[in-house]
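Asker: After the structure tokens below, expect a handful of questions from me.
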Amino acid sequence: MFYNFISKDSILYRLILCFGIGIGTVFGLSPFSFFSAGVFASISCIFLFFSLNRTSIWKAFLWLLILSQILNFTAFYWIPGAISRISGANTFVSILFFFLYGLISHLKFFLFYTLFRFSKIDSASKTYILLIFPAAGTLSDMITFQIFPWYWGNLISGSIVFEQFASICGVYGLSFLLLFISSTFLILVNYYKYKNSKEFKTSIASLICIAFIYRFGLYRIGYINQSQNELKPKNLSVLMIQPDTSPGTKDLKADASYLSATMSKVFSLAIPTFENSPSLIVIPESAIPFHGTIDSEENRKEKIYSSTMEGIILYLSKHTGADVLFNELNLDENKLRNQVSLFKNLDGKTERYNKRRLLPFGEYLPMEKNFPFLRSIFQETSRYVPGEFPKLLIGNKIQNQRSFLPPEISKLNEPKTYRYEFSSIVEHTNKIRNLEYSYSILPLLCYEAMFTELVLDYFQNEQKPEVLINITNDSWFDSELEAYQHSGAVRLRAIETGLPLIRSAVSGISEVWDARGIPMIVPIGFHETGTRAFSIRLDAIESTIYTRFGNSFLWIFCILILISRLIFVSRIERKS
């Protein structure tokens, strides 16, 4: 009936489907997280692909280009402002880059459609679509480069039960699941009147598979809640702060009043007001911008080292007996590193992880060597150098740690005073005697947490992480929608790894999830100032299937499906 009014070949029909994908995407992602919206987006994608099959591939690609920009304007409209604030580019350049971003980040639709088109499926009622459509979409998710990554699997966030499937197949497995559910729905709708048909029976078999996955999700939610190690529980008390300080633009680097106010705010929030001190204090990315705590000649020369910043970290640890996790910048052989650092109360030493996945045009300038003039356009862009290796940060829980006052607070800019306190042999020996346990942190800096591959790296070694901590600075984006989309994508890392995840953001959203991706605290909202004190369990019973095998089986499965279909199509064409 619908097609009596709108032709499948019409511009209006295709525009409606493009907007269906865009609107379904924005409402499928956080903070809305409507499961039905994700299904709606994927079904719109199916019908768009069938409509594009009726035209030339070049016209189809033109429509996919239009789709990429519609997605930009509906789901990621905050990007132009973010580009301007992060890089210092003017409005014209930011808008131009916005269009370019839409093309690059949505290249997956071009691959997705190409795989689908050459699979020669001529109708949404064909049962082949049950596997071909999900396999093509999942492969395109896994292969194509994205700057701010979103996957079809992120659109399943409205169902915490289905999300548990990520512990087996990761976010890409959720992509396959969502597209499989949508394809099953279409087959079922087309053949529900023909209950004796092969197609209807196939759709019922698909529904049974989906029901098994749902049952697994229910089981995992209950199982993890009941399977904590009660014999030797490892409870880690944490204090997380959100200072909501303004972004550190380059013109503020020499502003003493700005830096003083920023450091004072961080310091006042991080000093616990309760009787029981935490074992770990988490300070978000760029809470204290521009500076680092390594007192080296090159850091002093470039005015990166801050004695006050070092004094604050030492004071907090001495006052509370806690380890302190924070973000800093340091020069390492003339290479500027963006780091997650853990100051350890046990021995007064600092472990550091160098950020590996840098943000283009924010933390480094692509092609700057070939086009040096770009620096004059993107003036706020930093010159960070990426790290090469994953690195766990090892903290320590010490028994009977009590809050007490270290040397005078007036000496914050004289860290040598505090360093001396940590060098006491007697005190160090006493701490070792009272060491309860050590714990391992998987550090993720800013949007690194959106890339599941960066997390899987840590599970290839003998020593495994016990908690994921993502410190981030979303204040550059100044968009509540972006903050929720970023946070929602990060949450899946907890389910994939079966580990608790702490997300500390300088301006929000700051959250904590357990191994099932279920919130453990009331989040600190966007542009709120606050703290959260909580306790997490670090006694994961076993690794998830996903951390043991990664994406290998899903790669093989999707490739075999598409190759089998292409072989089948080529044989049919030869016979004809």
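Using N, Cα and C of the backbone, Cβ positions are placed for all residues, glycine too.
So Swiss-Prot lists these for the protein:
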ACT_SITE  GLU285  active site, proton acceptor
ACT_SITE  LYS355  active site
ACT_SITE  CYS446  active site, nucleophile
DOMAIN    236-538  domain 'CN hydrolase'
TRANSMEM  15-35  transmembrane segment
TRANSMEM  38-58  transmembrane segment
TRANSMEM  60-80  transmembrane segment
TRANSMEM  92-112  transmembrane segment
TRANSMEM  128-148  transmembrane segment
TRANSMEM  168-188  transmembrane segment
TRANSMEM  204-224  transmembrane segment
TRANSMEM  549-569  transmembrane segment
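Relative to the rest of the structure, where do these features sit?
Answerer: Less than 8 angstroms from the CB of GLU285 (active site, proton acceptor) sit ASN327, LEU445, CYS446, ILE471, THR472, ASN473, ALA505, VAL506, each of them six or more residues away in the same chain.
Every protein chain considered, the tally of other Cβ atoms within 10 Å of the Cβ of LYS355 (active site) stands at 24.
The secondary structure of CYS446 (active site, nucleophile), as reduced to three states from DSSP, is helical. For CYS446 (active site, nucleophile), the count of additional Cβ atoms within 10 Å of its Cβ stands at 26 [all protein chains shown].
Residues 14-15, 18-19, 21-23, 25-26, 29, 48, 52-53, 91, 94-95, 97-99, 101-103, 105-106, 109-110, 113, 117, 148, 150, 477-479, 481-482 of the same chain lie 6+ residues outside the transmembrane segment (60-80) yet bring a C-beta within less than 8 angstroms of a C-beta in it.
Same-chain neighbours of the transmembrane segment (128-148): 42, 45-46, 76, 79, 101, 104-105, 107-109, 111-112, 115-116, 119, 121, 172-173, 175-177, 179-180, 182-184, 186-187, 202-203, 206, 359-360, 447, 450, 551, 554-555, 557-559, 561-562, 565, counting only residues six or more beyond its ends whose CB sits under 8 Å from a CB of the stretch.
Long-range contacts of the transmembrane segment (168-188) within the same chain: residues 38-39, 42-43, 46, 124-125, 127, 129-131, 133-135, 137-138, 141-142, 151-156, 162, 199-200, 202-204, 206-207, 209-210, 213, 216, 452, 492, 496, 544-546, 550-551, 553-554, 558, each at least 6 residues beyond the stretch ends and with a Cβ under 8 Å from a Cβ of the stretch.
With a threshold of 8 Å between CB atoms, the same-chain residues lying at least 6 positions outside the transmembrane segment (549-569) that come near it are 115, 118-120, 128, 131-132, 134-136, 138-139, 142, 169-170, 172-173, 176, 456.
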Asker: So if I exclude everything within five residues of the ends of the transmembrane segment (15-35), which remaining residues of that chain have a CB under 8 angstroms from its CBs? That is, six or more out.
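Answerer: Same-chain contacts beyond the ends: 6, 41-45, 47-48, 51, 63, 66-67, 70-71, 73-75, 150, 154-159, 162, 481, 484-485, 487-489.
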